[in-house]
Amino acid sequence: MFGRDPWGGPLEISNADSATDDDRSRDLDRGALMRQLDETQQSWLLAGPGDQAGKKKKKYVDLGCVVVDRKIFMWTVGTILGVGLFIGFVMMIVKLVPHKHPPPPPPDQYTQALHKALMFFNAQRSGPLPKHNGVSWRGNSAMKDGLSDNKVRKSLVGGFYDAGDAIKFNYPMAWSMTMLSWSVIEYRAKYEAIGELDHVKELIKWGTDYLLKTFNSSADTIDRIVVQVGVGDTSKGSAQPNDHYCWMRPENIDYPRPVTECTTCSDLAAEMAAALASASIVFKDSKTYSDKLVKGAKALYKFGRLQRGRYSPNGSDQALFYNSTSYWDEFVWGGTWMYFATGNTSYLSVATAPGMAKHAGAYWLGSPNYGVFTWDDKLPGSQVLLSRLRLFLSPGYPYEEILRTFHNQTDNVMCSYLPQFNSFNFTKGGLIQLNHGRPQPLQYVVNAAFLASLYSDYLEAADTPGWYCGPYFYTTEILRKFARSQIDYILGKNPLKMSYVVGFGNKYPKRVHHRGASIPHNGVNYGCKGGFKWRETKKANPNILIGAMVAGPDRHDGFKDVRTNYNYTEPTLAANAGLVAALISLADIKTGIDKNSIFSAIPPMFPTPPPPPSAWKP
C-alpha cells in the first residue's frame with residue numbers, strides 16, 4: 001500500500017511497523033538474554049539465598065523532602081508524643097487543682113471617693129424612693145408637692161433636695177444635672193469601667209424627669225416655669241413653719257410647701273435648657289426620651305430669650321439663697337449645649353455673638369472673680385466647651401474669631417490657677433482661694449479642678465503637649481498636678497489630715513448640717529420644733545450621709561465640726577456635682593475623653609465633595 005509523499009517520494013506503510021509494543025518488548029528481552037553477562041552480573045545470579053540473608057536490608061521512610069531511617073523516625077515521633085502527653089497531663093492537673101488568683105489592685109482614691117460621692121444624690125432624693133436607693137434612713141417624702149398648692153395644682157413630686165434642708169431649688173438642681181451629664185459625655189468609658197454608668201444615668205434621669213414637670217414640656221411655647229418648691233425665708237416670723245425654720249426629717253413634713261413660679265426668668269430657663277440638652281446626649285441611645293428632652297430644652301431656651309429678666313429679683317426667697325447676677329452667661333452656656341444637642345447653628349450664633357460675650361463678662365479680665373466657675377457664673381465652663389469645638393471641629397467663619405478669643409481666655413484661666421501667677425491666694429495647706437477667703441470654698445475648688453483636668457485631656461486628645469502663659473510654656477501634666485493637689489486636699493492631704501467627704505478616710509466630719517442625717521431613724525415624728533434638740537446636740541449624727549462634701553475649711557485651713565455652723569458643715573447638690581465631675585476626670589483608668597459623642601447631632605461642617613466623573617469612553 002502506497003501513499004503520496006508531499007515531498008515527492010512514495011509513502012510506504014510497512015507491515016513491520018505495525019508490530020505491537022508487546023512484540024517489540026519480547027524481542028528486546030530475547031536480545032538481552034543472548035548477550036554475554038559480565039563478571040559482576042554473573043556473581044549476582046550465582047549467589048544463593050544464604051549469601052543474601054547475611055546482609056540485612058535497611059528500611060527507610062520517605063517524607064517527601066527527605067528520607068530518614070525508619071527506626072530514628074519512630075523514636076522521634078514517639079518522643080514528641082510522649083512529651084506532648086506529659087505537658088497536657090501537667091496542664092490538666094494545674095487547671096483542676098484549686099489555687100488562688102492574686103487579687104486585683106485596689107481602686108485609686110479618686111474612684112473610691114466617687115462611689116461614695118454619687119451616694120449623696122441618693123440621700124437627697126425627694127418623692128417615692130426606688131427600692132434599690134441604698135440609703136436605709138431615707139423614705140418617701142413630699143408626696144403632695146405641687147398638688148397641695150391651690151395656685152398650681154399639678155404634681156411636682158420628685159427631684160432633689162438642695163442641701164441640709166428640704167427646699168427644691170430648680171436653679172442649682174439644673175446646674176447639677178448639667179454637670180453630671182457633661183461628666184458622663186466626656187468619661188462614659190470610665191463610668192462603665194467602675195460600674196457606675198447605670199447609677200449616674202439614673203440620677204440624671206431622676207433630675208430631668210422632675211425638671212420636665214416644672215413647665216409645659218409638651219408645648220413649643222411656654223409662659224412660666226416653676227422656680228422652687230418650699231420656702232426658706234424666716235424673716236417674716238421666726239415661729240412660722242417652713243423648710244428652714246423647722247428641723248425635721250423630710251419624711252415627716254406636715255407644713256405647707258408653696259410653689260414659686262416665674263414669667264421672666266432667662267437665667268433659670270437657659271440653665272434648665274442646658275440641663276435637658278446635655279442629658280439628651282447622655283440618653284441618645286433612647287431616642288424617645290432624648291427627643292423629649294430636646295423638645296423641652298427648645299421651649300425653655302426660646303422662653304428665656306423672649307422673656308428677659310433674672311429669676312431672682314430683689315426681695316424674693318430665691319434671691320436669699322441662690323441669687324443670679326445676670327443671665328448673659330446662661331445664654332452662652334445654654335446656647336452651646338443646645339447646639340451640641342441639635343446641631344442647629346442658630347444656637348451657636350447666639351453663643352458666639354461678640355455682644356453676648358461682652359455682656360457675659362468675657363472681657364472683664366481684671367475682675368476678681370474672672371474665671372471662677374460656679375452655679376451662678378457659667379462663662380468659664382462655656383469657654384472650655386467652645387474651645388473643645390475649635391480644637392476638634394474648627395467650624396471656621398463666621399465663628400472662628402470669637403472661638404479663638406474664648407480659647408485664648410481658657411488658656412488664661414488655666415494660667416490663673418497656677419500659684420506662680422498670683423491670681424488667687426492659696427492657704428498654707430495648699431487650697432486655692434477662688435472665693436478670696438470667704439466661707440464655703442470647696443464648691444469653687446472642685447469646679448476648677450474639673451476644668452483643669454478636662455482641659456488637659458482635651459489638649460492631649462488634640463496632640464497638643466501644653467499651653468502658653470505669656471512667654472512660658474506649661475505641659476498638660478501641670479494642669480493635672482493642680483487638679484490632683486486640690487482634690488487630694490479635700491480627700492485628706494491637708495494640715496488637719498481630715499477628709500471633707502463624709503465616709504471617705506478615717507477622719508471626716510461627723511456633725512453634718514443636715515436634717516435627715518441628724519435625726520434618728522426610729523419611727524418617732526419629733527415635729528417642727530422637736531428636732532431642735534438634735535440640731536443643738538454635740539453628739540455625732542446618728543445617720544452617716546455617705547459621700548457628702550461639706551462646705552469646707554476657712555482660709556487658715558481651720559475647720560469646726562459643728563452642726564449649727566453651715567459655713568463649715570453643710571453639703572449642697574451643686575458642690576457635689578462638681579466633686580463627681582472632678583473625681584471621674586482624675587480616676588486612674590486608662591481611657592481618655594470621648595471625642596465624638598458630644599458632636600453626634602452636628603452635621604458635617606463642610607459639604608461632601610462630589611464623586612469624580614466617570615471614565616471617558618470613546
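Yeah, the Cβs are placed from backbone N, Cα and C, and that goes for glycine too.
TrEMBL: automatically predicted annotations, no manual curation.
Feature annotations, courtesy of TrEMBL:
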type: REGION; residues: 1-26; note: region 'Disordered'
type: TRANSMEM; residues: 72-94; note: transmembrane segment
type: DOMAIN; residues: 110-583; note: domain 'Glycoside hydrolase family 9'
type: ACT_SITE; residues: H513; note: active site
type: ACT_SITE; residues: D561; note: active site
type: ACT_SITE; residues: E570; note: active site
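Just so you know, the Cβ of H513 (active site) picks up 26 other Cβ atoms within 10 Å once every protein chain is counted. Per-residue pLDDT, averaged over the domain 'Glycoside hydrolase family 9' (110-583), rounds to 96. Around the Cβ of E570 (active site), a 10 Å sphere holds 21 further Cβ atoms from the protein chains shown. A straight line from the CA of H513 (active site) to the CA of E570 (active site) spans 5 Å. Here the C-alpha separation of E570 (active site) and D561 (active site) works out to 10 Å.
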